[in-house]
Structure formats: structure tokens, C-alpha cells
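Asker: Quick paste from TrEMBL:
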DOMAIN    4-418  domain 'Major facilitator superfamily (MFS) profile'
TRANSMEM  21-39  transmembrane segment
TRANSMEM  45-66  transmembrane segment
TRANSMEM  78-101  transmembrane segment
TRANSMEM  107-131  transmembrane segment
TRANSMEM  152-171  transmembrane segment
TRANSMEM  177-198  transmembrane segment
TRANSMEM  231-252  transmembrane segment
TRANSMEM  272-293  transmembrane segment
TRANSMEM  302-321  transmembrane segment
TRANSMEM  327-351  transmembrane segment
TRANSMEM  363-382  transmembrane segment
TRANSMEM  394-413  transmembrane segment
Amino acid sequence: MKRIATASMIGTTIEFYDFLIYGYAAALVFGPLFFPSLGDSAGTWASVATFGVAFVFRPFGAIVFGHFGDRLGRKRTLVTTLLMMGGATVAIGLVPTAAVLGAGAPLILVLLRAIQGTALGGEWAGAALLTSEYSDAAKRGRYSLFPQLGPALGVIIASATFLLTINIFGLEAFQSWAWRAPFLVSIVLIAVGLWVRLNIAETPSFTKVTASSTKVTFPFADSIREQWKQILLGGGMLSMTFGAFYLSIVFLGGVAAKPIEAGGLGYTLNDLLLANIAAGLVLAVGVIGSAILSDSLGRRKVLLTGTLYGLVAGPLAFAILEPGNAGSFVVALMVLMLAIAIPYGPAAAYLPELFKARYRYTGAGLAYNLAGIVGGALPLVIADPILERWGMDGLAYFVTGLAAMSTLCLLALRETRGEVLDPELEAVVPA
């Protein structure tokens, strides 16, 4: 089980590292490098919008890789998603800027973001299934926390990598060319992740599906026909988690690093990255605690605690923020990280428990990545206009709105703690 837990955690960590370093670069340096003709504010908005492109492609990745994950197996599919994500990340580190390629440079960025989004769309469900399908019902929350540590560890490693790059090469070099280093370093992480994933066995649930001849020809069609409500409600359930995470780590990062006179918060890049490392630590602790508690208290109780807390966490966090006071940024991030961590921790056990084994990869992946569009892409596109018109209060109540939607969706879903994952396959003996 330790090897399975490691394989699920290292994969999601690498993929979130790859995903987040793009977010940092988009918020901090891509505007003038790839959208110089748009000016400072519009260029930053355009570069952050390219970050949001990946969310649009994530459901496509969930469908494609869900199909192969449900038809060919979890292991092979996860190896493919890791290679795709890693290859696109390294390629981003090699893309010439607009000064060299002109309009072709941002177009290449968008294409590579689409590849990243497709890969990440197929990653999470497979990683969650690795742990949930191997663990017994009594400890499924505990073991399923490992893929959920990916965002926290990804934030910590990505922030530390950017921090080291800036302090080794200097801010001017970082903004010119050294920003490429974190993307190129990804190749080392990919090699480690690939070695781990190639040395695991297929999950018991998929082995039983194969032995029972219950594989479906089109998992996407079957999951939509039989469990469309769970897909929609599961996506809505995690929307606040996604929205609060990407608003705080990516969008606010760009605002925080701008001078106060330019409408920013006036923090240094060092302040910003150190705050994100602290936030990643809080996120990790919260994920561990909530996932373990879900085995004793129930999935829905823990998830509802998180979404109800999210109703007040947004206004509280944004009220704490003070321009020029980096300490307020740390506290605000911690407030938001708890709202993210509490519902996110049990999710890798809860979503797979909602779906049948024969299309579980597809169903869980669709729900998770639907949340990515509502809570990830949408906020990043509209956050800047909201900030300009309503200020921080607008962002705060946007998080509250997402929390309200997540709460309502959760109330419509059943409790799954202690359920046998595949009762219809209990009598099947794997070949």
C-alpha cells in the first residue's frame, strides 16, 4: 500500500507543480514577454487567461483518459498523463517570446496549455482510484488523502523553486530568461514519477471488472446516462475548493506583486513566495486531518463543514488583506487554505465511492474537472473585471457564492462512508 500511496501522491504533486509554475509565470512575467502590445494590466490579464485555457480542456482529458482508464487500466493511463503533462511543461520552458516569434509565441503557449489541461484532466481520477480501489472501506479516507496532497506539495515545491531561481539569478534575469528554469527542472521530477508508476500493479477493482467481463464499450456514454446527477453535483460540490485555490494562489499572486500605486498590494516576490509556502503547509495539514476524520465522522459531514466555513472564509480573508503588509497576506491565505483543505481532503475517497467500477475513472474525472471549469477557469477570467469594479469585496463574495453552491450540491448527495466500493463485483475472483 505504501508504494500505491507514493505513486498516487508523486504523480499529482508533479502535475500540480507543472500546472502551478505556469500560473506563477503567467501572473508574474508572461504579460510583458508574450503580450507586450497589450500593456501592463491587460497583458497580465491575457497571460492569466491562458492559464485558464487548461481548465476548458480538462473535461476533454477526463473523457479521453477516463475511456482508456476504464477500458485498458488505471496504470497505463496514468503513465501517459504524466508523460504528456511533463513534455508540455518542458516545452513551455523552451518557447521563444513574442520578441522572437511575434503573435506565434502566445499561440504556442495556448496549445501547450491545452495539452497540459488534457493531461491533468485524466490525472486526478486515476490517482484517486489507485488509493481508493486498493484500500478497505474503514480506512479509505486515510489512504485516499495521498493524491490530495498533490496541490499542497505542488505549491510548496513550485514556490520554493521560483524563490531559489529569483535569489540565485536576480530579479532582472528572472523576468528576462531565468523563469524558464523551473519548467526545465520538471524533467527530473517526471523521471522519478515515471519510475514509481511503472513499478505498481493494476488496481483490484479494475482486475475484477476485467475478470467479470463487465467492461463497457463507451464509459463516457454510460456514466452520463446512468449517473449524470452525481457528475453535476460532484462538480458543484468542489467548485468552491477550486475557486478559492486558484484565486488565492494564482490571481492574488499577480495582484500582490504589483506596486500599490499600480493597484496592487505592494509585496515583494520573496514575500509572495514565502507566503505561498506557508499556505501549502497549512493546506497539507488540513487535507490530512479532514481526510482522516472522514473515516470516523462521515464524508458529507466533513465536506459540509468545509463548504459552510467557506461562506465566511472569503469575506474574512479579503478583509484581512492590507497593502504593504505582507503578514496580512500570510494570514489571509491561511484562512482560505482551510476552506480549501477541509472539503478537498475526503474528495479522493468520496467521488470514487459515488460511481460504479466499470466507468468510475470517467465519472469521477468528469465531476472533478467540471469543478475545474466552474471554480478554476471562470474565476480567473472574471476576477480582474470584478476587482476593478467592486474591489476585494467582489472577490470575497464570489468565493461565498461558490461556497453556497457547493453546500447545496453536497446536501443533494448521499453519505458513502463504510460502503463496499464494488458490491456487484464481490463474488468475482480476479484471474
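Heads up, the Cβ atoms here are built off N, Cα and C, so glycines get one too.
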Asker: Can you give the mean pLDDT for the domain 'Major facilitator superfamily (MFS) profile' (4-418), rounded to a whole number?
Answerer: 90
Asker: Are there residues at least six beyond either end of the transmembrane segment (272-293) with Cβ under 8 Å to its Cβ atoms? List them, or say none.
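Answerer: Residues 141-142, 144-145, 148-149, 151-156, 159-160, 162-163, 166, 248-249, 253, 256-257, 302, 305-306, 326, 329-330, 333-334, 336-338, 340-346, 348-349 contact the transmembrane segment (272-293) from elsewhere in the chain.
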Asker: Restricting to CB pairs under 8 Å, which listed stretch, 21-39, 152-171, 302-321, 363-382, 394-413, is in contact most with the transmembrane segment (327-351)?
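Answerer: Most Cβ pairs under 8 Å with the transmembrane segment (327-351) come from 302-321.
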Asker: Hey, which of 107-131, 152-171, 177-198, 394-413 has the most Cβ-Cβ pairs under 8 Å against the transmembrane segment (21-39)?
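Answerer: Ranked by Cβ pairs under 8 Å, first place goes to 177-198.
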Asker: Quick one: find which recorded stretch in 78-101, 107-131, 152-171, 302-321, 394-413 has the most Cβ pairs under 8 Å with the transmembrane segment (177-198).
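Answerer: Maximum Cβ contact count belongs to 78-101.
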Asker: Any contact between the transmembrane segment (302-321) and the transmembrane segment (394-413)? By contact I mean 3+ C-beta pairs closer than 8 Å, pairs at least 6 apart along the chain.
Answerer: yes
